[in-house]
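Trainee: I grabbed these lines from TrEMBL:
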| type | residues | note |
| --- | --- | --- |
| SIGNAL | 1-25 | signal peptide |
| ACT_SITE | E117 | active site, proton donor |
| ACT_SITE | D216 | active site |
| ACT_SITE | E309 | active site, proton donor |
| ACT_SITE | E330 | active site, proton donor |
| BINDING | T433 | Ca(2+) binding site |
| REGION | 475-514 | region 'Disordered' |
| COMPBIAS | 476-501 | compositional bias 'Basic and acidic residues' |
Amino acid sequence: MLRSLGCWLCLWALRLPAPPAGTGAAARELDVASYRERVRAMFYHAYEHYLESAFPYDELRPLTCDGQDTWGSFSLTLIDALDTLLILGNVSEFQRVVNVLQEGVDFDIDVNASVFETNIRAFQTPTGMPYGTVNLLHGVNPGETPVTCTAGIGTFIVEFATLSHLTGDPVFEDVARKALKALWKNRSDIGLVGNHIDVITAKWVAQDAGIGAGVDSYFEYLVKGAILLQDKELMSMFLEYNKAIKNYTKFDDWYLWVQMYKGTVSMPVFQSLEAYWPGLQSLIGDVDNAMRTFLNYYTVWKQFGGLPELYNIPQGYTVDKREGYPLRPELIESAMYLYRATRDPTLLELGRDAVESIEKISKVDCGFATIKDLRDHRLDNRMESFFLAETVKYLYLLFDPDNFIHNDGSVFDVVITPYGECVLNAGGYIFNTEAHPIDPAALHCCRKRKEEQWEVEDLMREFYSMKKNKKFTLKRASDHGEGESAKDPEDASLEKGVEKRNSRKSSHSLLSCPSQSFNSKLAVLGQVFLDNT
């Protein structure tokens with residue numbers, strides 16, 4: 001899925017500098033290993049109690065040791081935790097859960113679901129911008145409000161383009177692009193977008209412009225969509241927004257909320273959701289600005305042991321009724337990206353502080369509870385699914401420099417198809433806004449061809465059963481899409497389970513793996529460098 005963008009946009013292998021002299025590298029390495037294992041233990045404490053007390057509900061209620069449905073009644077926490085299992089190296093549990101979900105989860109249910117929340121794990125409007133809520137069985141309800149937040153419109157291109165590449169159906173990517181362009185078309189004369197818009201009339205209902213709640217992942221997906229698809233237009237759109245954001249919302253490395261048409265300050269606050277921004281800046285090579293903003297946000301964490309949902313910048317304190325911290329991942333996410341780019345030990349210190357705070361304040365017998373008030377550490381009876389999908393994952397990756405996710409392109413797997421060699425697992429994984437990674441090479445390697453009989457589940461089964469750096473052959477599939485490869489003895493039990501699952505007729509779309517030229521150096525951490533960087 002890496003397309004040539006032209007001379008001004010390209011991905012290069014990230015050269016990570018050695019830790020600075022005098023930083024106590026040996027002692028820090030020992031600490032890193034220790035904190036990595038503590039993060040692993042955090043995951044299993046929460047995960048096992050979800051399975052024991054809450055499954056098949058969406059979320060765990062850790063104070064009462066039971067569960068509740070929140071976003072759609074389809075075991076959301078289990079789905080969100082799935083790839084975290086792989087990142088922690090637990091392949092057998094990953095495969096078991098895949099089987100459980102395939103057999104047990106039904107999306108044809110009479111439930112109203114958030115389009116945004118469901119996709120990150122109804123576009124038939126005059127503007128091409130989707131409704132905010134859709135019924136999974138009946139579609140958009142007749143009385144559904146047409147008012148949707150900006151992020152709810154602009155957070156589809158990563159997943160929908162992936163669907164189009166893997167299925168050969170362009171409709172998913174087409175509707176996602178149309179929605180992005182509709183927002184772009186309706187920006188203000190000074191280059192800003194508001195917070196909520198009417199998807200029928202394209203009139204802005206909430207005109208506060210910023211980088212936080214209601215807008216955040218729109219900007220995130222312009223950058224990540226540009227990297228994933230090597231799309232010059234998406235990156236150009238973001239860079240124009242970035243200029244307007246710096247001109248009107250940035251003050252002393254903080255980002256405020258302003259009126260989208262006038263640029264006047266409307267809310268001098270920092271939202272915890274905005275803490276993703278330094279990580280996004282690092283993806284376009286703006287590391288110095290990213291670090292300065294990150295350090296501002298880190299001072300708030302140190303003040304409270306977490307990030308309150310709203311923080312009044314002039315007063316230097318929390319905002320009334322928004323003092324909670326629901327174990328959000330955004331600051332940890334930024335620390336992970338920036339540490340990969342700089343190796344600055346300050347970023348590891350944030351990870352350390354996060355582990356210590358969460359364990360001390362939030363840990364209870366049945367999991368980890370939302371912190372209702374950071375001032376007195378009162379807890380709330382909820383553990384949102386993003387805690388296992390994002391918070392724990394980014395913490396683990398911060399403390400695990402050798403994780404396969406951090407592959408710098410020097411190691412990869414080659415699939416030999418009837419059409420030539422195809423590279424997978426070379427790095428450059430793109431995280432969606434719920435921290436689910438997508439291998440960019442897979443979008444080019446596996447593409448729909450109606451005349452070819454390849455099934456995605458058989459390709460992935462063969463691929464993940466092999467050792468790193470091995471070449472293996474996938475022969476043209478039979479009527480049931482069975483591939484053949486040499487199997488290692490240690491994979492026998494996993495293979496046996498998968499083969500049993502595949503013994504029934506599969507309903508998955510047929511895919512192909514045609515030959516694609518691929519340069520592994522073009523898929524490193526998804527980092528973008530402009531010509532003048």
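Glycine is no exception: its Cβ is also placed from the backbone N, Cα and C atoms.
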Trainee: Give the sequence-ordered list of residues that share a chain with E309 (active site, proton donor), lie 6 or more positions from it, and have CB atoms under 8 Å from its CB.
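Mentor: Q271, S272, V319, R322, E323, G324, Y325, P326 - these are the non-local Cβ neighbours of E309 (active site, proton donor), listed in sequence order.
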Trainee: Between E330 (active site, proton donor) and T433 (Ca(2+) binding site), find the distance joining the two CA atoms and give it rounded to the nearest Å.
Mentor: 10
Trainee: Counting every protein chain present, what is the number of Cβ atoms, excluding its own, within 10 Å of the Cβ of E330 (active site, proton donor)?
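Mentor: Neighbour count, Cβ to Cβ under the 10 Å cut-off: 24.
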Trainee: Please report how many Å separate the Cα atom of the residue listed as 'active site' from that of T433 (Ca(2+) binding site), as a whole number.
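Mentor: Between the alpha carbons of the residue listed as 'active site' and T433 (Ca(2+) binding site) there are 10 Å.
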Trainee: Among all the protein chains here, how many other CB atoms are within 10 A of the CB of T433 (Ca(2+) binding site)?
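Mentor: Excluding its own Cβ, T433 (Ca(2+) binding site) sees 23 Cβ atoms within 10 Å.
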Trainee: Determine the Cβ neighbour count for D216 (active site): the number of other Cβ atoms within 10 Å of its Cβ.
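Mentor: Total other Cβ atoms inside 10 Å, all chains included: 25.
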